[in-house]
Amino acid sequence: MPAPAPAMTDRDPNDPQPASSSSAAPGASPDSQAQPDPGAPPPDPRLLDQISRRARVAAWRKSRQAGRISRTTLRYAAFMFGAGCVGLFSLVFAWIAEVALHWNRQLTQATPWLAFVMLPFGLAALRWLTIRLAPQARGSGIPQVIAAFSLPPSGPAQTLLVSLRQSMWKVVLTAAALLAGASVGREGPSVQVGAAAMLAWGRWCQEKLRFRIGFHPNALIAAGAAGGLAAAFNTPLAGVVFAIEELGRGTAVRWDRLVLSGVLTAGFLSLAVLGNNPYFVVKVPMLGLHEAWGPVLLCALVTGVLGGVFAKALKGGVPGLLPAAWRDWPGRHPVWTAFGCGLVVAIVGWATAGATFGTGYEQAAALINGESHATLWFGLAKLVATVVSYFAGIPGGIFTPALAIGAGIGENVAHFVGGMAEPRVLALVSMAAFLAAATQAPITASVIVMEMTRTQDLTVFLLAASLLASFISRQFSPHPFYHQVGHTFRREALGLTRKAPAG
């Protein structure tokens, strides 16, 4: 009997294989297919919590990093803006000083005897105003800044020495001293003004901005002070060197990128406004340098001795020149002392046909360009006028007068050695050497003179003469002038702030 035939189906032989038994039955919904197996174990809550915690930590870190970047950027921008303002203040101060010098030249050249009225009465009036309006603004301004580093940050004593009010009066009174004919400079005052302006800006940012930027007062003072000098001389590199060698000596200032960038910002702003023009223009390149070593060392010897005597005289003041019985008189009668000092400066200026009035910039510029001065002993006369002007107790610096004194001494050495060296070389080298001897900051002195005259070929001569002159100066005045005077300002500031609550 034949086998029965297989059951017929509707499936085409070419169709794929039928679904397995685990496939969903026909007519089942897709949602029912996507549901998990009821028999599978549920997710571990600890694993979910760990993933969530890691996500929160990652988000917090990213947020903190973004906040750090924005805070650093704002801090840097605010610091650079303040440094730029310091550069602008220095340029405005320079313009005011130039106007005062111009009017002094006009008056004294037209009426020479007027100096005997302007200087005694002018210096007496300036001393009276300084005592009553800005007692911490007298002198150069660099000692006040150095003293501020050794005082408690943001304390009343530090604020007193670099207050914006004192600095604004310093600008006005220094310009008035130049108008009267005193032998002072504006570069030292620019240091104190820059420090005060930068400190005031930093405190304003701390108080007015929503979140704290974290400026340290000493960093603000250092950047403002060095930036003020860089802008005053149009020498950014010299400002950095001055900050490290002079301001950083014996202080705990952290010279990080922020501070040094602020110094360069002030200096480069001055370059942008004034152009890449040297402070002293050397019209003809200096030649014959290989034959100048002997006269250069002689210049270093002479300027070292005179610079040491100069610094010692400035530190001693008028009492250092008087007998013991009379040493209290200048302190009891400061206005009359200033009157007498003005009379001496007027006599010296009259003897030199007005060459010792003012900063001495024009005379120094003439000497380094080979124009011999009519007064052979201009250097010594300028030294006397600068010391006596400082004795008057009025605001005013010694930087540019010291450069003029050095140029005059270099001219005297050139006359002594004859044709052994070019007089312009000796005048230029003596500028740096005398400044180094007066301040005992040889690197700063040589870099300032090199950068302000664009005489890089003379760098070795400038450094050698400055180092030797500074060493010789220490035999007469062991302690640096700015730092020793800074101790006096520190004691005064601490004494005044201690008396303030009782008063």
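Glycine is no exception: its Cβ is also placed from the backbone N, Cα and C atoms.
The compositional bias 'Low complexity' annotation in TrEMBL covers 17-37.
Look at TrEMBL and you will find 1-47 tagged as region 'Disordered'.
The feature transmembrane segment is assigned by TrEMBL to 74-97 (among others).
The transmembrane segment annotation in TrEMBL covers 109-129 (among others).
Among the features that TrEMBL reports, transmembrane segment is placed at 219-244 (among others).
Within the same chain, residues 76, 79-80, 82-84, 86-88, 90-91, 194, 198, 219, 222-224, 226-228, 230-237, 239-240, 243, 253, 364-365, 368, 451-454 sit at least 6 positions outside the transmembrane segment (259-280) and bring their C-beta atoms closer than 8 Å to a C-beta of that stretch. Per TrEMBL, the feature transmembrane segment maps to 259-280 (among others).
TrEMBL lists 292-314 (among others) with the feature transmembrane segment. Cβ atoms under 8 Å from those of the transmembrane segment (292-314) belong to residues 320-321, 380, 383, 386-387, 390, 398, 402, 405-406, 409-410, 412-414, 416-417, 420-422, 425-426, 429-430, 433-440, 461, 464-466, 468-477, 481, 485 of the same chain, restricted to positions at least 6 beyond its ends.
The feature transmembrane segment is assigned by TrEMBL to 334-353 (among others). Long-range contacts of the transmembrane segment (334-353) within the same chain, counting only residues at least 6 positions beyond its ends with a Cβ under 8 Å from a Cβ of the stretch, are 108, 112, 115-116, 118-124, 126-128, 131, 180-183, 318, 374-375, 378, 381, 384-385, 388-389, 391-394.
The transmembrane segment annotation in TrEMBL covers 398-418 (among others).
Per TrEMBL, transmembrane segment is recorded for 425-449 (among others).
For the transmembrane segment (455-472), the residues of the chain that approach it from at least six positions outside its boundaries are 282, 285-286, 289, 292, 296-297, 299-301, 303-305, 307-308, 425, 428-430, 432-437, 440-443, 445-446, 449, judged by C-beta separation under 8 angstroms. Annotation comment: TrEMBL describes 455-472 (among others) as transmembrane segment.
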Same-chain residue ranges lying at least 6 outside the transmembrane segment (398-418) that approach it to Cβ under 8 Å:
140, 183-188, 294-295, 298-299, 302-303, 306-307, 310, 314, 359-361, 363-364, 367-368, 372-373, 376-383, 385-386, 390, 426-435, 438-439, 449
Apart from its near flanks, which chain residues at least 6 from the ends of the transmembrane segment (425-449) lie with a Cβ under 8 angstroms of it?
233, 235, 237-238, 241-242, 245-246, 282, 286, 288-289, 292, 295-296, 299-300, 302-304, 306-308, 310-311, 364, 367-368, 398-399, 402-403, 405-407, 409-411, 413-414, 417, 455, 458-459, 461-463, 465-470, 472-474, 477, 480-482
